[in-house]
Amino acid sequence: MDIGKKHVIPKSQYRRKRREFFHNEDREENLNQHQDKQNIDNTTLKKAEKQIHKDSIDKHERFKNSLSSHLEQRNRDVNENKAEESKSNQDSKSAYNRDHYLTDDVSKKQNSLDSVDQDTEKSKYYEQNSEATLSTKSTDKVESSDMRKLSPDKNKVGHEEQHVLSKPSEHDKETRIDFESSRTDSDSSMQTEKIKKDSSDGNESSNLKSEVISDKSNTVPKLSESDDEVNNQKPLTLPEEQKLKRQQSQNEQTKTYTYGDSEQNDKSNHENDLSHHTPSKSDDKDNVMREDHIVDNNPDNDINTPSLSKIDDDRKLDEKIHVEDKHKQNADSSETVGYQSQSSVSHRSTEKRNMAINDHHKLNGQKLNTKTSANNNQKKATSKLNKGRATNNNYSDILKKFWMMYWPKLVILMGIIILIVILNAIFNNVNKNDRMNDNNDADAQKYTTTMKNANNTVKSVVTVENETSKDSSLPKDKASQDEVGSGVVYKKSGDTLYIVTNAHVVGDKENQKITFSNNKSVVGKVLGKDKWSDLAVVKATSSDSSVKEIAIGDSNNLVLGEPILVVGNPLGVDFKGTVTEGIISGLNRNVLIDFDKDNKYDMLMKAFQIDASVNPGNSGGAVVNREGKLIGVVAAKISMPNVENMSFAIPVNEVQKIVKDLETKGKIDYPDVGVKMKNIASLNSFERQAVKLPGKVKNGVVVDQVDNNGLADQSSLKKGDVITELDGKLLEDDLRFRQIIFSHKDDLKSITAKIYRDGKEKEINIKLK
């Protein structure tokens, strides 16, 4: 809301202040009308004061002028108030000291009033005898009776006025006034209210004023002059009105303390009261600064909104007191009051004022302590909050400065980190893919090699069937096992094929039917066979180029757990070319073989163990390594309940030695020592005693028969000798004896034997040729 002079306040705030201003003026007008009516009834005044502020247009104009002047003065002193903030604290301390001084001054005044009371008692006797005093007292009684009739209404009005004045406005509830800066003003207002209460007691208030007035003719003209000055003064602004109110309160307080001293003191106080209606510029400035300091120090108050209701209440109170003083002085000029009654009323009113001042000082002291502690706590909380905000601001400023100084480097660093993370993820993904590809390639290569070796081996493995006569007396299942087997083409010379198979596969037949992987068949001839090694060689002719000879490996370098493939023809031609996979389960196994199926073991075969699946028809099949090279020939398997995948193959190095002799000689020449033997484990106790065998001997053989002129006879070996070791090897039974002797078929050198003869141990050399 624009109120002129470049002052703008909110419209709602303007309306609220205007409403309060008009309410206060209406209340003041009603009060003045009531007072004028009372004065007319009491014939103390000849005419009532004229009504003021009756025109609503003048009200609006005066309110705007007063508010704009106050805001202009306040805005002009805002900067000065900041500089005077420290000074205001000192003023509060001085105000506190001034309160103590006023308390001492009141006590002094009380002493002076006591002395005046004593003088009054002395003059009491003289006044009783004075006729003039009697006439005055009679007149006083008549007029005081009239005043008592009006006193109830006056007291009632006084209470109503006090209630209206003490009622706080909405703006007063929101505004907090600094107690230190307005301490003196509040003291003066409290004392003035006490005087008002005393003045509402009818004749007592009028007698109080008449006590300090000695010359009626001099007093009445002065009061009329003061009335004219008040009526002729120009409208005051809000700061000026507040300044005037405070000065009047201070002067009234000073006058109250000086009642009863002398007539001259009363006149001087009255003149000072009238002279103080014109404020000085310096005092006006101090009051304005104090008022602005009160408004500025209140955090809940709007900086552009003064406490109008409070100012109007104070101004109204001052004007009311001033009007009452005029009424009382006019009443005193028209009445004659006895000195005795005046002094007694003055003494009672003085006591009331002193009690009110003491109570007010105590209350102000308590409020001062409470206000001071509250201000200190508020300052501490505000300082802590400001420190916290300053710390947060400092941190944010440091971060901003750091970012502004180094943001290019930080951006580059973040970019490098992100690039490293991305490259690392890419490389890890590539490496992972490479490893997966390598694994896949390795698996594919392994699978491809295995399949390649299997396909090549299949081309070298054939089906071998002997030509068993139709009138064979063998059982059908027995004949089928002997008649069908597998063979391996270990050598190819032109169209001639050399096939190795098992001796028990070819049996006693010379001709064998050979069927290739492409289902073509030829007839092969048995070149030789050896039952002790269970190997045979078949020769066949074929121009089929699909038949390949197998690559030969080395059985001396076998490794336990090495992967192997077994290729054969289980159950005959229908399942030819079957490939099974396994590993080498054992090395250097001694396997008992029963060739003639008489339930007696005939040979102790040296072989290696495999776990690949071997079925009837796989005999004579090929065992190849991962490179597809032949490392053994399938010879036997254990067929027992609850036994699976325990098969045996003859090492390829032993096979090569046997097939070479079978190709050229058709047979194998083994050394023949010319003896018959029994196992020690099969001897009974009588037989052990007969050969005088020591009890510690558990294994070995006993020579049961020696051929004449045989190698054993030539070696001095006799019947009854017990052989426990041969060629440095522990001898378990006769099969082990035959195996050791046959192992020297190629060199035929003499071997050492440890024997027991007639219970005595000795060694002899056995000749093999």
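First residue shown is number 1, and so on along the chain.
Glycine is treated like the rest: Cβ placed from N, Cα and C.
Some features that Swiss-Prot has for this protein:
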ACT_SITE  His504  active site, charge relay system
ACT_SITE  Asp534  active site, charge relay system
ACT_SITE  Ser619  active site, charge relay system
COMPBIAS  1-20  compositional bias 'Basic residues'
COMPBIAS  21-64  compositional bias 'Basic and acidic residues'
COMPBIAS  71-108  compositional bias 'Basic and acidic residues'
COMPBIAS  126-137  compositional bias 'Polar residues'
COMPBIAS  138-186  compositional bias 'Basic and acidic residues'
COMPBIAS  202-221  compositional bias 'Polar residues'
COMPBIAS  247-262  compositional bias 'Polar residues'
COMPBIAS  264-295  compositional bias 'Basic and acidic residues'
COMPBIAS  310-330  compositional bias 'Basic and acidic residues'
COMPBIAS  331-347  compositional bias 'Polar residues'
COMPBIAS  348-362  compositional bias 'Basic and acidic residues'
COMPBIAS  366-390  compositional bias 'Polar residues'
DOMAIN    680-733  domain 'PDZ'
REGION    1-390  region 'Disordered'
TRANSMEM  410-430  transmembrane segment
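You'll find the Cα of Asp534 (active site, charge relay system) roughly 6 Å from the Cα of His504 (active site, charge relay system).
Other Cβ atoms within 10 Å of the Cβ of Asp534 (active site, charge relay system) number 25 in total over all chains. Of all the active-site residues given, namely His504, Ser619, the one with the smallest number of surrounding CB atoms inside 10 A is His504.
His504 (active site, charge relay system) sits 9 Å from Ser619 (active site, charge relay system), taking the CA atoms of both as reference points.
On the 0 to 100 pLDDT scale, the domain 'PDZ' (680-733) averages 84 in this prediction.
Note: the domain 'PDZ' (680-733) comprises 13 helix, 13 strand, 28 coil (DSSP; helix = H, G, I, strand = E, B). DSSP classifies Asp534 (active site, charge relay system) as coil under the three-state reduction.
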